[in-house]
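**Student:** TrEMBL lists these features:
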type	residues	note
SIGNAL	1-23	signal peptide
DOMAIN	24-319	domain 'Plant heme peroxidase family profile'
DISULFID	C34-C114	disulfide bond
SITE	R61	site 'Transition state stabilizer'
ACT_SITE	H65	active site, proton acceptor
BINDING	D66, V69, G71, D73, S75, E87	Ca(2+) 1 binding site
DISULFID	C67-C72	disulfide bond
DISULFID	C120-C315	disulfide bond
BINDING	P162	substrate binding site
BINDING	H192	heme b binding site
BINDING	T193, D239, T242, D247	Ca(2+) 2 binding site
DISULFID	C199-C224	disulfide bond
Amino acid sequence: MASSSFMAILTLALLLQTATSNAQLSTNFYSSSCPRVFSTVRSTVQSAIRKEARIGASLLRLHFHDCFVNGCDGSLLLDDTSSFTGEKNAVPNRNSARGFDVVDNIKSAVENVCPGVVSCADILAIASRDSVAILGGPSWNVKVGRRDARTASQAAANNGIPPPTSNLNQLISRFNALGLSTRDLVALSGSHTIGQSRCIQFRPRIYNETNLDSSFAQTRRSNCPRAAGSGDNNLAPLDLQTPTAFDNNYFKNLIQNKGLLHSDQQLFNGGSTDSIVRTYSNSYNTFSSDFVSAIIKMGDIKPLTGSNGEIRKNCRKPN
């Protein structure tokens, strides 16, 4: 009898442990604790995009750069201090990641309606969806329930976010390591249908590579001098046709050898992803639906849930 009670307790303990480790995010996590979270985030994002359309791409990128480094845990948002080095000054983020002030504004607005409830990691996920939708792309139900990390890792950010110099195999293997398929890679790269890049990121491509349209190269060179250190921060749109509209022109550009970054053009360069790029260039609906599946999957990467992590009061510092 004692032994069967012991077994029952052991089984229950194992079940609880499994439930905790597999704690699922859900779309209705805040339905009773913060029912106004989605409308509050959206109105703040809407107002930021009205001031500057580019900020939508910047917010979407923050979610990517957060999830690719130890999971979607808000670690990217932590400021450096005298005793702590965060991810903001890692190579992929320094002078590049932006929109932190908008995240602060969203957090303040959310704290006003339900203090201490919604994580900064969830705010990034929701703001990404809203940015895409407001700029004409698809919408989706965002899974929430993530908690915020108390720490961050500059080294993991340097190693975890694929640089624009990546070749196709490096891109595929980095995405695969995070549970994202090759198709997810191509769909998520379609985020580059919005936003801008700095000359320092695309200079090697426009001066040294041959798989690019010559008139496109000429246009880009006019604002990005060959000499390193000259015009490094000058901007160019990742999608030269509609840089503030979430559409499938990015893929059409790739087929014409007008990808801005080396890593963009790698997706259409005689390799295994050419056919996916062709599919997306021919069908916005297929791209849109695959993008939604992929970004939801990306949002599921190693979230902190249950009693792990915390709900930060200020997205820039642990409580």
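Keep in mind that glycine also has a Cβ here, set from the backbone N, Cα and C atoms.
Computed from a predicted structure; not experimentally measured.
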**Student:** Using a Cβ-Cβ cut-off under 8 angstroms and a sequence gap of six or more, which residues of the chain neighbour the residue listed as 'substrate binding site'?
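**Tutor:** For the residue listed as 'substrate binding site', the qualifying residues are F68, Q170, L171, R174, S263.
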**Student:** As a test of reading the model: what is the averaged pLDDT for the domain 'Plant heme peroxidase family profile' (24-319)?
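**Tutor:** Averaged over the domain 'Plant heme peroxidase family profile' (24-319), the predicted model reaches a pLDDT of 97.
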**Student:** State the Cα to Cα distance, in Å, between S75 (Ca(2+) 1 binding site) and D247 (Ca(2+) 2 binding site), rounded to an integer.
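**Tutor:** A Cα-Cα distance of 30 Å.
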**Student:** Between E87 (Ca(2+) 1 binding site) and T193 (Ca(2+) 2 binding site), find the distance joining the two CA atoms and give it rounded to the nearest Å.
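**Tutor:** One finds 25 Å between the Cα atoms of these residues.
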**Student:** Out of the recorded positions D73, H192, C224, D247, give me the one sitting nearest to C315 (disulfide bond) by CA distance.
**Tutor:** D73
**Student:** Non-local Cβ contacts of C199 (disulfide bond) (under 8 Å, 6 or more apart, same chain)?
**Tutor:** N223, C224, P225, G231, D232, N233, N234, L235, A236
**Student:** Could you measure between C67 (disulfide bond) and D73 (Ca(2+) 1 binding site) for me? Cα positions, answer in whole angstrom.
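**Tutor:** Checking the Cα atoms of C67 (disulfide bond) and D73 (Ca(2+) 1 binding site) gives a distance of 7 Å.
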